[in-house]
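Here the structure is laid out as structure tokens; the discussion comes afterwards.
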Amino acid sequence: MNKSVAPLLLAASILYGGAVAQQTVWGQCGGIGWSGPTNCAPGSACSTLNPYYAQCIPGATTITTSTRPPSGPTTTTRATSTSSSTPPTSSGVRFAGVNIAGFDFGCTTDGTCVTSKVYPPLKNFTGSNNYPDGIGQMQHFVNEDGMTIFRLPVGWQYLVNNNLGGNLDSTSISKYDQLVQGCLSLGAYCIVDIHNYARWNGGIIGQGGPTNAQFTSLWSQLASKYASQSRVWFGIMNEPHDVNINTWAATVQEVVTAIRNAGATSQFISLPGNDWQSAGAFISDGSAAALSQVTNPDGSTTNLIFDVHKYLDSDNSGTHAECTTNNIDGAFSPLATWLRQNNRQAILTETGGGNVQSCIQDMCQQIQYLNQNSDVYLGYVGWGAGSFDSTYVLTETPTSSGNSWTDTSLVSSCLARK
């Protein structure tokens with residue numbers, strides 16, 4: 001529901017016949033510290049996502065599930081949609097996690113990556129144990145928050161030591177591989193994400209910049225290295241933008257073929273569209289149609305997953321602390337319909353907001369919708385943790401004290417799974 005009309009509807013419900021105040025559909029109805037309405041509008045029910053947040057879900061019945069309060073486990077209720085357009089699911093999405101950033105630091109949207117600005121989330125990167133502890137963060141996210149997937153962004157230039165089309169640099173790949181192996185050791189899925197915006201130093205891959213052969217060389221080497229690791233997920237490219245989508249789809253096809261031919265025959269590969277991978281533009285900008293033609297060498301689309309991003313601020317940039325939308329009506333609902341019609345799946349590999357109440361409300365609503373539609377949405381990965389510190393507007397980096405970690409409010413309220 002449009003937030004601008006929600007206060008008017010709420011006021012009307014109070015004035016009309018002296019009725020008890022009711023929360024509107026998708027509005028917050030409970031949680032630790034909540035002092036607003038706890039009764040939901042007719043046709044919806046209050047659903048507890050976790051101890052910090054509950055919301056009014058339309059057309060709901062209740063089922064029992066387990067959530068994690070600050071001091072230990074408890075039993076609460078979670079609402080599940082019974083609408084035929086959004087098939088109910090009690091288990092939610094398969095994958096939930098966070099980006100562990102740092103190897104991508106220094107990369108800008110024109111595909112320039114200054115390797116001297118890389119800030120790896122490896123505690124012992126220089127042997128002095130004073131770098132961010134990305135592996136420790138992942139261990140916390142798995143053990144305390146029930147997370148199952150991590151995206152590990154890295155710049156193309158870093159991996160090949162600025163040698164376009166060259167071999168993986170032995171020093172660089174060994175450092176990056178420490179993060180990958182740390183992720184794998186936790187039993188999680190690990191997304192290798194090339195964070196170059198479909199570019200190298202300003203030139204678009206396969207469109208006047210690096211050749212497809214130079215790009216597939218990178219992916220052939222990475223796929224060969226991780227071919228035996230079933231939980232390594234290949235994220236072809238971060239946020240392509242301003243590309244010819246049909247030409248880009250042809251590039252993606254070459255990469256998929258190269259990965260499979262390198263021996264990584266069954267792992268997940270995520271296919272990114274145009275317009276910064278926007279979930280809201282995936283259909284309208286032609287990405288869905290173009291990338292639907294990408295196949296494995298045998299002609300199947302098994303484990304080829306559409307890769308989308310969506311932030312919750314006013315301009316979808318992920319640069320503002322406050323959130324203004326839950327992205328359901330404008331992005332995830334129409335995309336879910338298209339995915340079902342075409343028997344495909346997608347994963348949300350970047351989403352985030354500030355650690356403020358507006359984002360807790362909107363993000364929890366967005367995550368709840370993805371969980372209710374897990375037949376087409378495989379999961380979500382928040383942005384971001386790793387080498388981000390507490391001053392970053394979208395930080396999801398937990399703070400450590402001794403052997404314990406404390407999550408940000410957005411993670412504990414919305415992204416955590418237990």
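Using the three backbone atoms N, Cα and C, a Cβ is placed for every residue, glycine included.
Feature annotation from Swiss-Prot assigns signal peptide to 1-21.
As annotated by Swiss-Prot, pyrrolidone carboxylic acid applies to GLN22.
What Swiss-Prot records for 92-418 is region 'Catalytic'.
Within the same chain, the residues at least 6 positions away from CYS107 (disulfide bond) whose Cβ sits under 8 Å from its Cβ are CYS113, VAL114, GLY155, HIS195, ASN196, TYR197, listed in sequence order. Sequence annotations record features per position, and here Swiss-Prot assigns disulfide bond to CYS107-CYS113 (among others) based on experimental evidence.
Packing around CYS190 (disulfide bond) is summarised by its Cβ count: 26 other Cβ atoms lie within 10 angstroms of its Cβ, all protein chains included. Marked as disulfide bond by Swiss-Prot on the basis of experimental evidence: CYS183-CYS190 (among others).
The feature active site, proton donor/acceptor is assigned by Swiss-Prot to GLU239, with a curator's inference given as support. For GLU239 (active site, proton donor/acceptor), applying a Cβ distance below 8 Å and a minimum sequence separation of six or more within one chain yields THR109, TYR197, ALA198, PRO272, TRP276, GLN277, HIS309, GLU350.
Among the features that Swiss-Prot reports, disulfide bond is placed at CYS323-CYS359 (among others). Look at CYS359 (disulfide bond): DSSP puts it in a helix. Under a cutoff of 8 A between CB atoms, and with a sequence separation of 6+ in the same chain, the neighbours of CYS359 (disulfide bond) are LEU312, ALA321, GLU322, CYS323, GLY353, LEU410.
The disulfide bond feature in Swiss-Prot is assigned to CYS364-CYS414 (among others); the stated evidence is experimental evidence. When secondary structure is read from DSSP and collapsed to three states, CYS364 (disulfide bond) falls in the helix class. When other Cβ atoms within 10 Å of the Cβ of CYS364 (disulfide bond) are tallied across all protein chains shown, the result is 25.
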Candidate disulfide-bonded residues CYS183, CYS190, CYS364, CYS414, pick with smallest Cα gap to GLN22 (pyrrolidone carboxylic acid): CYS364
Rounded mean pLDDT for the residues that make up the region 'Catalytic' (92-418): 98
Alpha-carbon spacing, CYS414 (disulfide bond) to CYS183 (disulfide bond), which is rounded to whole Å: 22
CYS364 (disulfide bond) versus CYS190 (disulfide bond) - Cα distance in angstrom: 24
Other C-beta atoms that fall within 10 angstroms of the C-beta of CYS414 (disulfide bond): 25
In the chain carrying CYS183 (disulfide bond), residues 6 or more apart in sequence that have Cβ under 8 angstroms from it: ILE100, ILE135, MET138, PHE150, LEU152, CYS190
